[in-house]
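See structure below.
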Amino acid sequence: QLTGVLDDCLCDIESIDDFNTFKIFPKIQKLQERDYFRYYKVNLKRPCPFWADDGHCSIKDCHVEPCPESKIPVGIKAGSSNKYSKAANNSKELEDCEQANKLGAVNSTLSNQSKEAFIDWARYDDSQDHFCELDDERSPDAQYVDLLLNPERYTGYKGPSAWRVWNSIYEENCFKPRSVYRPLNPLAPSRGGSCLFCLCLEKRVFYKLISGLHASINLHLCANYLLEETWGKPRWGPNVKEFTRRFDPVETKGEGPRRLKNLYFLYLIELRALSKVAPYFERSVVDLYTGNGHEDAESKALLLDIFRDTKSFRMHFDEKSMFAGDKKGAKSLKEEFRLHFKNISRIMDCVGCDKCRLWGKLQTQGLGTALKILFSEKEIQSLPENSPSKGFQLTRQEIVALVNAFGR
């Protein structure tokens, strides 16, 4: 049972539990079931950029079932990545698009190398404020996945391949005391006299976000575990023994509760991002467009209702305390922070189990979107009311990832 105040913020666990249980969670659950948020486009075939592929998980539960084109709402599959409003998906534009496709035979003469170059240019142009390596939605390997039909759960993926991914994340990308090898207990003084509190606030925040993400994923694997499979019928459910192994204070030598506290910290960061991005969605030019006007209006009303709740929370994390030193040093640290996180998003392409890769990429992109929002406050405040955004934009993929990551 966790209690008490979280480090680096003026918030206690009991307040978060009450707020989430009675206000946020029921509404987020409903939102995740709506068409706009249940379909996520992802490329699960991108090669691992850091080491030779270990080979994919052969267990059938690792498989992700892509969604047939016929099942995707017309408004979702018709719009490009930034076009999620009705105005951007009107029938005239769709007709033009279809006509262009018919006339676009020249595109088929491009070599694969040229196509990759074009994709890279577009990705670079749009990457200056991103904390994640984004999948290119135009890639032939990118497919829509129904998140409700491919839930995050334990698939049997474990061992050296899984260990290598998390070890790489912590060792190469996570700010931590140098004398701590694998940071299993980073808050305790090590033999070198180093501890997490010896790091600056920004680096502590980074470490705790990654640890919180790790805890979130482990919690979902414990909560939805393959308990037995008889006559080809799997039975999924909570595995208390596995939960105890990963989080019990005695079994983990006191580290388990810290991992769980980092999960609460991650929740606070994403909650803060939702409260900050509300003005972006409150504008009339933004619809959560699927092509079904009634459903779209209900989805937006529910999202705005959640935003109102996030604003009512009294103990938000204060991101203004970060990067508040001298301008040059703060800018350099912020860029380092962004590049470290971007690297972590690339490591998710090294996960050998497709279902684990799907949810790892989605939750990493969701957290990256939250960070992008927190560091774009001025751009959000200066958005025009009745015209598309110029300075700050969110793609549909980022919106879906943000909501679903927070939902986890």
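Backbone N, Cα and C atoms are what each Cβ position is placed from, and that goes for glycine too.
All TrEMBL annotations are machine predictions without curation.
TrEMBL names the disulfide partner of Cys353 among Cys222, Cys356 as Cys356. Across the structure, Arg153 (FAD binding site) and Cys356 (active site) place their CA atoms 8 angstrom apart. Between the C-alpha atoms of Ser211 (FAD binding site) and Cys62 (disulfide bond), the distance comes to 23 Å. Using a 10 angstroms CA-CA radius around Cys356 (active site), the recorded positions that qualify from Cys62, Thr155, Trp166, His214, Arg246 are Cys62, Thr155. His214 (FAD binding site) and Cys353 (active site, nucleophile) have their C-alpha atoms 16 Å apart, to the nearest angstrom. Of the recorded residues, Cys62 (disulfide bond) and Trp166 (FAD binding site) place their C-alpha atoms 18 Å from one another. Around Trp166 (FAD binding site), the same-chain residues six or more apart in sequence whose CB sits under 8 Å from its CB are His214, listed in sequence order. Cβ-based neighbour count (10 Å, all protein chains) for Ser211 (FAD binding site) stands at 25.
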